[in-house]
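Here's the structure we're looking at; comments come further down.
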Amino acid sequence: MNWHWIFLMAWRDSRKNRSRLLLFISSIVFGIAALVAMKSFNENLKRDIDTQAALLIGADLDLRSTRKPDSSTLVFIDSIKNLSEQMATEERFMSMIRFPKADGSRLVQVRALTGDFPFYGNLETLPDDAYKRFGQEPEVLVEKTLMIQYDAELGDSVQLGINNFTISGELIAQPGQTAMRGAMAPTVFVPLAHLENSGLQQIGSRIQYHYYFKFPSQFRTDDFVEQQKERFTQLQLRSATVSTTKENTGRSFSDMAHFMELVGFVALLLGCIGVSSAVHIYIREKLVSVAILRCLGTRSSQAFFIFLVQFAAIGLIGGILGAALGTLIQYAIPIVMQDIIPVALSNRISLNAITEGIGLGLVISILFALLPLISVRHISPLYSLRVSDEPQPLWTDNLRWWIYLLILTFIIVFTRLQLNGWRQTLFFIVGLGFTFTLLYGVAKGFTYLIRRYFPKKWPYLWRQGLSNLYRPNNQTIVLLISIGLGTALIATLFFVQDMLLQRVKIASAENQANMVLFDIQPPQRDTIKNMTREAGLPIVEDVPIVTMQLAAINGKRANDYLSDSTSNISARSFRGEIRATYRDSLTLSEKIVEGHWTGRVSKGEMGQVSLEKSYAERIGVEIGDSLLFNVQGVEIPAIVSNFREVDWNRFQSNFRVVFAEGIIDNAPKFYLIMTHVDNETQSATFQQAIVNRFPNVSVIDINTAIDILESLLERIAFVIQFIGSFSILTGLVVLIASVRISKYQRLKENVLLRTLGASRRQVFTITASEYLMLGILASITGIVIALIASNLLGIFIFETTFVPSIGFILVLTALVSVLTVGIGVTNSLSVLNRSPLETLRKE
């Protein structure tokens with residue numbers, strides 16, 4: 001086969017059609033760009049996490065627990081200390097800080113430290129040596145955002161608990177802390193030695209104890225952790241090393257990046273479907289040329305490869321342009337994502353991503369061009385004498401099944417490489433197939449209904465525009481699918497974001513609690529309730545909370561289950577603190593699903609306890625099992641009387657463990673009070689009054705938390721929507737290609753209409769009405785898919801009722817329709833503006 005001649009003929013044939021071939025290139029550029037951008041971001045993120053993992057943890061080993069260390073734990077910690085070069089201790093908890101100068105207060109995360117921590121990396125402070133001098137005096141380091149909010153300066157006094165501290169430094173940055181986490185609860189560093197007698201550590205205070213170690217360079221930290229795993233479980237210690245931190249952090253954000261790569265891949269598939277449809281029409285226009293070549297002695301295989309070379313070149317050029325655009329885009333991603341990622345992001349150029357993008361553009365363009373191209377093999381020289389407008393019957397060519405198999409195999413392999421698991425790959429492929437089938441079905445259904453119930457009473461111009469959707473060589477279904485899927489992605493992302501926000505915004509509704517006061521000690525309870533009422537605020541909830549640990553299940557303790565490999569109960573069931581309550585009735589968010597509710601027991605009777613169903617399943621207990629709880633050193637037995645199903649979406653206090661009254665009523669406890677404030681001024685005034693009177697009490701304004709959550713969701717949604725918008729862009733490019741490809745069909749129609757006396761304005765109205773209908777149908781198709789997907793997500797994932805935003809649906813429908821009309825009409829102007837005679841002469 002003479003490849004030089006084939007390439008030469010492909011080049012010559014492209015001269016007249018380069019503008020159309022350029023549109024084919026554009027159809028795949030955006031999908032390639034999205035893929036390259038996200039793959040570059042993913043590779044840079046992995047590299048950054050690998051190089052900065054030690055900075056995230058600040059040590060070689062971090063042991064942490066939510067319970068105060070007993071003597072056996074301290075002995076074990078000391079034994080590890082003897083193996084290390086350095087050790088530091090931290091007590092971390094939430095509390096209120098008060099700025100007397102600004103007369104304001106805020107919930108903060110207090111980190112009380114002793115030792116030269118972090119061992120890797122540094123705290124960025126102002127002045128630079130603030131942390132090095134830290135610890136000698138009763139002083140604190142306060143996060144920069146908090147300093148700005150309360151107009152605080154170095155040397156100002158702040159109050160933590162009943163103690164006053166001097167601000168010795170401004171905390172600019174700390175390893176592992178994101179801006180979003182800091183916005184939720186800013187950090188304040190305080191010397192552990194000066195925290196005593198502050199009144200902050202009361203009964204029920206939730207404190208996390210950390211023990212940091214730095215080992216000699218030859219010490220095998222991961223092997224040591226593996227060897228001590230059972231001991232950690234016995235002492236209820238959790239461990240984190242550099243390698244586990246690297247793995248966990250990388251997995252969390254890598255999954256998001258892979259998801260967005262797949263969104264880009266979907267955009268690429270859309271573009272290729274559009275290319276395949278456009279190539280079908282393009283090749284039909286070339287059939288006479290192919291027949292003439294056959295008359296001149298060209299073999300069918302040579303004619304086939306002439307066009308295959310053209311579309312391979314399209315894929316190669318599209319891949320190069322897409323890779324270049326994606327490389328530019330990935331420079332912008334760190335700007336948006338930095339606030340939610342705990343490492344400093346780099347933006348190096350990824351040769352792997354560029355190579356993959358170019359290769360992907362080449363391969364997928366060839367695969368999707370093969371389907372319409374195989375008809376060229378059956379063109380005989382005689383075809384030049386008897387041209388038919390009927391398309392060549394593809395169904396008679398068995399080669400098409402092999403092409404379908406190749407395309408499916410390619411999609412499966414690519415998806416598997418992104419998801420690293422066959423289960424996820426199967427779900428994605430099935431979901432993708434279902435989505436395209438549903439899109440095709442909805443699009444086909446809409447077009448059938450319009451044709452079946454054609455609006456015969458509409459004005460002629462509108463009826464003509466509507467009937468144009470069924471012209472020969474139309475790409476109505478392809479356009480409805482491509483534009484519709486882009487619309488579906490954007491709409492689904494908006495609906496999910498709105499669904500999540502609506503779940504938490506219920507707190508701001510009238511009479512719903514939107515402020516929480518916790519760590520209230522029993523002597524403070526009545527006074528705080530009176531202060532709440534005097535401020536004109538309701539007592540929505542007043543709940544006692546008892547901190548305890550699970551000590552035994554059916555008479556067997558954690559060590560017994562640790563050595564019993566046959567039991568279905570894990571020693572991990574005993575890990576961590578339990579915050580339980582007691583009451584005589586169910587709340588509105590609960591219902592009994594198994595067993596019987598017991599609200600109160602008499603003195604001397606066996607205690608009755610109710611468990612949340614999923615918690616009971618996790619620890620492996622059944623109705624009637626006996627449990628033993630350790631409440632501040634006192635062991636209290638109880639029988640599991642029932643399982644509850646809890647609606648965690650309701651904003652109220654919910655518990656995994658609820659005792660009947662008469663069992664733990666006299667146990668050490670603290671109280672939680674929930675109330676409702678109407679505005680920010682009322683919230684600030686009430687918070688200030690509580691903190692001034694009771695410094696140990698922490699206050700959470702749910703409206704502030706909602707604002708921060710909304711900001712976080714908006715940032716994440718922006719990136720996903722940005723990548724998802726490439727699907728809409730691809731659909732619009734496919735639309736432009738469709739307009740240009742069907743140009744000659746439109747020329748014939750317009751010449752005929754103008755010859756029959758139609759004015760330019762009437763032809764313009766027909767064209768505009770056609771694209772308006774196309775835009776409306778495409779947007780409705782996408783929104784229908786989004787509504788179905790969002791309803792399923794609401795039912796099976798978020799377990800909430802999905803209520804769509806009618807306003808958003810109308811705006812999105814209008815926007816997509818206007819874009820479709822604008823692009824369609826703009827690309828048809830060259831045809832609309834010509835007179836019939838001029839058109840006939842030129843074409």
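Heads up, the Cβ atoms here are built off N, Cα and C, so glycines get one too.
Those TrEMBL annotations? Automatic predictions, nothing curated.
For the transmembrane segment (21-38), the residues of the chain that approach it from at least six positions outside its boundaries are 14, 257, 260-261, 263-272, 274-275, 278-279, 310-311, 314-315, 317-319, 321-323, 325-327, 329-330, 333, 350, 353-354, 356-358, 360-361, 364-365, 723, 726, 729-730, 733-734, 736-737, 740-741, judged by C-beta separation under 8 angstroms. Per TrEMBL, the feature transmembrane segment maps to 21-38 (among others).
What TrEMBL lists as domain 'MacB-like periplasmic core' is 22-218.
With a threshold of 8 Å between CB atoms, the same-chain residues lying at least 6 positions outside the transmembrane segment (262-283) that come near it are 17, 20, 23-24, 27-35, 37-38, 307, 311, 314, 360, 364-365, 367-369, 371-373, 375-376, 391, 411, 414-415, 418-419, 428, 432, 473, 475, 478-479, 481-482, 485-486, 489, 720, 723-724, 726-727, 729-731, 733-734, 737-738, 741-742. Positions annotated as transmembrane segment by TrEMBL: 262-283 (among others).
With helix defined as DSSP H, G or I and strand as E or B, the domain 'ABC3 transporter permease C-terminal' (263-381) counts 101 helix, 0 strand, 18 coil. Sequence annotations record features per position, and here TrEMBL assigns domain 'ABC3 transporter permease C-terminal' to 263-381 (among others).
Here TrEMBL flags 303-322 (among others) as transmembrane segment. Outside the transmembrane segment (303-322) by six or more residues, the chain places 1, 6-7, 9-10, 13-14, 21, 24-33, 35-36, 275, 279, 283, 286, 290, 293-294, 357-366, 369-370, 373-374, 376-377, 379 with a CB less than 8 A from a CB of the stretch.
Annotation source TrEMBL lists transmembrane segment at 357-379 (among others).
What TrEMBL records for 399-419 (among others) is transmembrane segment. Cβ atoms under 8 Å from those of the transmembrane segment (399-419) belong to residues 258, 261-262, 265, 269, 360, 363-364, 367-368, 370-371, 374, 425, 428-429, 432 of the same chain, restricted to positions at least 6 beyond its ends.
The annotation transmembrane segment is assigned in TrEMBL to 426-450 (among others).
Among the features that TrEMBL reports, transmembrane segment is placed at 477-496 (among others). A Cβ distance under 8 Å defines the sequence-distant neighbours of the transmembrane segment (477-496), meaning residues of its chain 6+ beyond its ends; these are 263, 266-267, 270-271, 273-274, 277, 435-436, 439-440, 442-444, 446-447, 717, 720-721, 724-725, 727-732, 734-735, 738, 774-775, 777-779, 781-783, 785-787, 789-790, 793, 802, 804-805, 808-809, 812, 816, 820.
Taken from TrEMBL, the feature transmembrane segment applies to 716-739 (among others).
What TrEMBL records for 722-836 (among others) is domain 'ABC3 transporter permease C-terminal'.
Taken from TrEMBL, the feature transmembrane segment applies to 771-798 (among others).
Annotation comment: TrEMBL describes 805-825 (among others) as transmembrane segment.
Secondary structure by DSSP for the domain 'ABC3 transporter permease C-terminal' (722-836): 96 helix, 0 strand, 19 coil.
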